Amino acid sequence: MAASAPGFFVLFVGLVLVGIVSSAKFEELFQPGWAFDHFIYEGDLLKLKLDNYSGAGFSSKRKYMFGKVTIQLKLVEGDSAGTVTAFYMSSDGPNHNEFDFEFLGNTTGEPYSIQTNVYVNGVGNREQRLNLWFDPANEFHSYGIFWNQRHVVFLVDETPIRVHANLENKGIPFPKDQAMGVYSSIWNADDWATQGGRVKTDWTHAPFIATYKDFEINACECPESVAAMDNTKRCSSSGERKYWWDKPTVSELNLHQSHQLLWVRANHLVYDYCSDNSRFPVTPAECVHQRHQ
């Protein structure tokens, strides 16, 4: 018995499957979270609507630990200034862990930006921002988060754009002990999203529509009744139980992926918290040690 994850992280799951989930249908994996009347269903497509009354959002029906989540997304067309479409994983509570994609809208003709962030034990402030090498409003593109006990990898069309490595051996906490839900939403954030908040949302262009398809989760499902420590154990390979996300071949980027990440950082990265001396006079500890962030 075997299963696979798409793209770069294609590997056999192994001998025993515990709570492995994989589907492309929204209703099997997710449920509307708020503003139900701002959901539009068109065959296999799901559209979220933002207008001057409300945005909208959805969440996964279950929580997961380790593996990969992927969506196909087409962002707001035309003048999207002031809008934010988010795709992220998060656990619950004040000391939560979180992995964020935030797509920051812009005026017509200006590039969309992707902002990523990582929260560990409730602490974020790890923003990176890059301009995409394509127009994400013209057609669908895939956005994915891969997570195991070694690192968190953010992927755009299977190209790694960021890696957050496990540096526990340096005394730096890593998010590996809290099951996480999967979420997406669209909302108005014109106080900060576009050019630092200088460009506001033009509501004459509403409604703003983000379109989704092909939802996929290849991850370890965590029952709510199971304690966090037990979930960590049941979602980790041991003995006869082998998971694809624990294979040595995904414990770090391969050479091709490393070159892709370097290319993205050299040509498209526009902000990195590790280089922001005004915010962080003392360089954050993980920035000192990580080769790829």
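Note that the numbers count up from 1, one per residue, in the order the chain is shown.
Each Cβ is built from the backbone N, Cα and C atoms, and glycine gets one as well.
According to TrEMBL, the active site, nucleophile annotation covers GLU98.
For GLU102 (active site, proton donor), the count of additional Cβ atoms within 10 Å of its Cβ stands at 19 [all protein chains shown]. Among the features that TrEMBL reports, active site, proton donor is placed at GLU102.
What TrEMBL lists as domain 'GH16' is 24-212.
What TrEMBL lists as N-linked glycosylation site is ASN106. Counting every protein chain shown, the Cβ of ASN106 (N-linked glycosylation site) has 22 other Cβ atoms within 10 Å.
Annotation comment: TrEMBL describes 1-23 as signal peptide.
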